[in-house]
Amino acid sequence: MPEETQTQDQPMEEEEVETFAFQAEIAQLMSLIINTFYSNKEIFLRELISNSSDALDKIRYESLTDPSKLDSGKELHINIIPNKQDRTLTIVDTGIGMTKADLINNLGTIAKSGTKAFMEALQAGADISMIGQFGVGFYTAYLVAEKVTVITKHNDDEQYAWESSAGGSFTVRTDTGEPMGRGTKVILHLKEDQTEYMEERRIKEIVKKHSQFIGYPITLFVEKERDKEVSDDEAEEKEDKEEEKEKEEKGIDDKPEIEDVGSDEEEEEKKDGDKKKKKKIKEKYIDQEELNKTKPIWTRNPDDITNEEYGEFYKSLTNDWEEHLAVKHFSVEGQLEFRALLFVPRRAPFDLFENRKKKNNIKLYVRRVFIMDNCEELFPEYLNFIRGVVDSEDLPLNISREILQQSKILKVIRKNLVRKCLELFHELAEDKENYKKFYEQFSKNIKLGIHEDSQNRKKLSELLRYYTSASGDEMVSLKDYCTRMKENQKHIYFITGETKDQVANSAFVERLRKHGLEVIYMIEPIDEYCVQQLKEFEGKTLVSVTKEGLELPEDEEEKKKQEEKKTKFENLCKIMKDILEKKVEKVVVSNRLVTSPCCIVTSTYGWTANMERIIKAQALRDNSTMGYMAAKKHLEINPDHSIIETLRQKAEADKNDKSVKDLVILLYETALLSSGFSLEDPQTHANRIYRMIKLGLGIDEDDPTVDDTSAAVTEEMPPLEGDDDTSRMEEVD
């Protein structure tokens, strides 16, 4: 800037220049900054703007008790002035300024307590963007500047200039340039390869990213050109003036001639008036643009903000083309102080559970200075769809990842954010239509929360919605289910599966539906993981109807009948277990079947058929767990079914009847399929079925028209039974 150059060229008699050595640690830090390559050099501007904002905060605070402090300048603002001719970038504020002692102490001779700690962190691979936390953010100026000049004026002292090219020392002198009134001007003499930071587009981009919500106006001064219509003579005059300016810069003194030309031009103008021809010329002017017009909406009172304002802010924050579904705006005060503005989007992103993608849904600010947008410590994974802003008053500026993980403040903020999100969901649940939209998009997140978040499991379980055997096309909450429970019903019954139709027609729900007991249909894969953690709701245990030991409400007479049936079919159960060997753990008489002859249930702590299917579908599954989790199958038979009764008679008549073995295996394999399991050897099962079809159609096994290949296959199969037993086979069928 011209005024600075003048002051630097003053003779030594008029001003005293004092030279100071940097304190050893600061010199070391500057050397580290200058000689190491950092990709995110842009943070220098954030640091300087933050420093300006702090200086403005201080003068504003002082003026509250003494308004005369602002007599030296009432406006509180920050200006950014790029100068391409001088290759400088200047940041000016009207803050508190610095005295001579402040300049010497703050910028060089007294190391901040964090200087050494920061250097150690930096050498250990920490990110340079955390520098502000250690109180040495000013030195980031040397990431882009070869020389830095600081001109400052404090109300209690004269105007001083500080300057250093980072060679181990700095100078301080009285500044006789243009009076500032009050404040600080930081002039960065940029390195040759860092001129991008004089570009309007780049400055705007950095300010929007890091300092958009600083509480004071940030104005960018840019020299621009515009077309101006003038007469020929005016155009010539302009050209002459530009030539004179060039001569001046080269050291040629031609001032008298400029005055003559100017006066002649004015006389000519008066004489000729509008007769001159018009001509368009390029005129340079300084354009001033405020870069942070979007005021931090979260600092305002929620009662004063309209839905439209929230909507506009949400769209500018997320670039979403749709309106948000719900919003929660709150502040926490007391020992800890922070504000938050949280939004629920209308739809879930397609990559919601993509682990490798960095989430940048929550922007973390510290005293309105942007810190980071991918702070995973703020929210648990199941709330990764929440968008918004968190602004803390207590966290240190530019906090590092390592410190975040140990920060007690952050843990308290996180706890409060989760609590407020759950409040928001419960408020949303009061509006059935909106909650339906929310649940369609984010039900998986709620269920993941139940699996992961033990502290909030109860509150999350109240948000669950399911189809049931009594709800029709409407999803109901567990609370609704409990209000409809029968008097003697102790448990909440549920079944997991692939589709609503599949579970509704399942053999497992037959007796429950017959007795008018409501069954919850869980048809999403994540439900399996959810119910592993959700053991009970409002004192009622959740019971899977596909597992062993199902207890149904029954009177004494029913219990007595069941015991009689167990005794009657005890022998058949033993025979079937001997035939199936290790395929099943046990064969028992069922209390859950009505129309199906048999079904396969799993042990209480083993996987359900649905869970087994989910695990098998996982590409990176651990096969070692498949053995002990999936093997515990129990075959339950229906004592009231004609197939089972006839099979009992057949087995008791002749224990060695070959057809009994074949029929038992066929029943078992069919039960596997109908219970949701997959067959280990589907081809063998298919061949058994084809043989049954042949018997049903009366096709003779020895018929020469039978295809040779199928005959070869059937030779490997155990025979169904002798020809003389065909009629009995058909009877069973």
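Even glycines carry a Cβ here, placed using N, Cα and C.
Copied from Swiss-Prot, the annotated features are:
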BINDING   ASN51, ASP93, LYS112, PHE138, ARG401  ATP binding site
MOD_RES   THR5  phosphothreonine
MOD_RES   THR7  phosphothreonine
MOD_RES   LYS58  N6-acetyllysine
MOD_RES   LYS84  N6-acetyllysine
MOD_RES   SER231  phosphoserine
MOD_RES   SER263  phosphoserine
MOD_RES   TYR314  phosphotyrosine
MOD_RES   LYS444  N6-acetyllysine
MOD_RES   SER454  phosphoserine
MOD_RES   LYS459  N6-acetyllysine
MOD_RES   SER477  phosphoserine
MOD_RES   LYS490  N6-acetyllysine
MOD_RES   TYR493  phosphotyrosine
MOD_RES   LYS586  N6-acetyllysine
MOD_RES   CYS599  S-nitrosocysteine
MOD_RES   SER642  phosphoserine
REGION    9-236  region 'Interaction with NR3C1'
REGION    225-279  region 'Disordered'
REGION    272-617  region 'Interaction with NR3C1'
REGION    285-621  region 'Interaction with FNIP2 and TSC1'
REGION    285-733  region 'Interaction with FLCN and FNIP1'
REGION    629-732  region 'Interaction with NR1D1'
REGION    683-733  region 'Required for homodimerization'
REGION    701-733  region 'Disordered'
REGION    729-733  region 'Essential for interaction with SMYD3, TSC1 and STIP1/HOP'
REGION    730-733  region 'Essential for interaction with SGTA and TTC1'
MOTIF     724-733  motif 'TPR repeat-binding'
C-alpha spacing of LYS444 (N6-acetyllysine) relative to LYS459 (N6-acetyllysine), in angstrom: 15
10 Å Cα neighbourhood of LYS586 (N6-acetyllysine): matching recorded positions from LYS58, LYS84, PHE138, SER231, TYR493, SER642: none
Local Cβ density at LYS84 (N6-acetyllysine) - other Cβ atoms counted within 10 Å: 13
Fewest other C-beta atoms within 10 angstroms, as judged across LYS444, LYS490, LYS586, which are the modified residues: LYS490
LYS58 (N6-acetyllysine) versus ASN51 (ATP binding site) - Cα distance in angstrom: 11
C-alpha spacing of SER642 (phosphoserine) relative to LYS58 (N6-acetyllysine), in angstrom: 91
Cα distance (Å, whole number) from CYS599 (S-nitrosocysteine) to ASP93 (ATP binding site): 80
Whole-number Å value for how far LYS444 (N6-acetyllysine) lies from SER642 (phosphoserine) (Cα to Cα): 43
Those residues of the chain, 6+ apart, with a Cβ under 8 Å from that of TYR314 (phosphotyrosine): ASP320, GLU323, HIS324, VAL327, PHE343, ARG387
Number of other Cβ atoms within 10 Å of the Cβ of SER454 (phosphoserine) across all protein chains: 9
Inter-residue C-alpha distance, LYS444 (N6-acetyllysine) and SER477 (phosphoserine) (nearest angstrom): 15
Neighbourhood of CYS599 (S-nitrosocysteine), C-beta criterion under 8 angstroms, separation at least six: ALA507, PHE508, SER590, ARG592, LEU593, LEU635, GLU636, ALA671, SER674, SER675
LYS58, LYS459 as modified residues, winner by CB count within 10 A: LYS459
Most Cβ neighbours inside 10 Å, all chains, among the modified residues SER477, SER642: SER477
Least buried by Cβ count (within 10 Å) of the recorded positions PHE138, TYR493: PHE138
Cα proximity to SER477 (phosphoserine), best match among modified residues LYS84, LYS490, TYR493: TYR493
